[in-house]
Amino acid sequence: MSKVSNSTQVPFYFILTGIPGFEAFHIWISIPFCCLYTISIVGNTTILAVIRTEPSLHQPMYLFLSMLALTDLGLTLTTLPTVMQLLWFNIPKISFEACFAQVFFIHTFSFMESSVLLAMSFDRYVAICRPLHYDTILTSEVIGRIGLAIIGRCILAVLPSLFLLKRLPFCHSHLLSHSYCLHQDMIRLVCADIRVNSWYGFALVLLIIVMDPLLIILSYTFILKNILGTASWTERLRALNNCLSHILAVLVLYVPMIGVSMTHRFAKHASPLVHVIMANVYLLAPPVMNPIIYSVKTKQIRQGIIHLISQRNMCLK
């Protein structure tokens with residue numbers, strides 16, 4: 001097959017893959033996907049609306065939660081167009097430029113998810129281990145700087161990998177393994193030396209995918225040490241309950257992430273359906289589950305949602 005690079009004038013596109021072996025049932029498979037996307041959009045939008053309209057929630061913990069909701073919303077809206085156009089209209093083609101744009105946003109928002117959870121673990125550490133200094137350490141200005149640092153960190157992490165990929169020629173099959181574009185999926189279609197790309201990808205894994213959960217574990221080590229030193233079991237349970245939502249959000253992100261990595265590493269010859277399911281769980285689980293977790297486990301958010309709904313009902317009357 002002749003080499004195709006981004007410098008050619010011939011229109012170049014990739015072919016997306018739906019659910020392998022179930023192409024005839026895509027219209028039915030679209031129903032649960034549509035439900036999950038709706039839950040994610042409505043749930044995260046509601047979280048943002050509640051935090052915005054409730055003055056009592058203008059605190060560091062909830063400002064970080066709003067960052068998480070924005071990240072989840074961005075991740076949802078990034079994958080939704082290609083997934084639903086494939087399932088609803090059977091349109092598998094995506095242009096070279098659109099695919100690169102989707103790769104940028106998917107990986108940027110994925111890294112932001114990890115970074116925001118790390119920032120939230122720092123918030124929990126300060127709240128439990130240094131409660132008297134909480135308001136002076138996590139001021140609005142500091143939270144704003146943390147938010148900008150997260151955005152800068154993730155964009156600067158993703159852009160070099162795209163520049164390294166864009167310079168390479170694609171000469172293998174145009175067929176991708178998923179219904180959206182991923183860097184690791186596109187790189188296997190390249191017919192050139194990819195050692196620089198591989199080493200950069202490995203560095204990203206160490207700096208974000210490995211370092212972030214390790215720092216989160218370190219934060220909770222200090223938190224647990226502090227909790228065990230408190231006087232009563234009531235105080236210990238209250239402190240742990242304040243961290244429970246965040247712990248569940250961490251598990252929802254990193255358990256599927258580890259599952260995808262293990263599948264790619266040790267189940268290369270498994271059915272393509274397994275890889276597709278794992279990848280969809282990895283990208284859909286956090287945006288769908290996070291608003292549910294925080295709505296159920298956080299009393300203030302739950303009360304805010306009830307208050308928001310009651311206000312809307314009064315306006316309709």
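Note that Cβ sites are derived from N, Cα and C of the backbone, with glycine treated the same way.
Whatever TrEMBL says is automated annotation, not expert-curated.
Annotated in TrEMBL:
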DOMAIN    43-294  domain 'G-protein coupled receptors family 1 profile'
TRANSMEM  27-51  transmembrane segment
TRANSMEM  63-88  transmembrane segment
TRANSMEM  100-122  transmembrane segment
TRANSMEM  142-165  transmembrane segment
TRANSMEM  199-223  transmembrane segment
TRANSMEM  244-267  transmembrane segment
TRANSMEM  273-293  transmembrane segment
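It is 100-122 that, among the stretches 27-51, 63-88, 100-122, 244-267, 273-293, forms the most Cβ pairs under 8 Å with the transmembrane segment (142-165). Spatially, the transmembrane segment (244-267) is not adjacent to the transmembrane segment (27-51); fewer than three Cβ-Cβ distances between them are under 8 Å for residues at least 6 apart in sequence. Across the residues of the domain 'G-protein coupled receptors family 1 profile' (43-294), the predicted structure has a mean pLDDT of 90.
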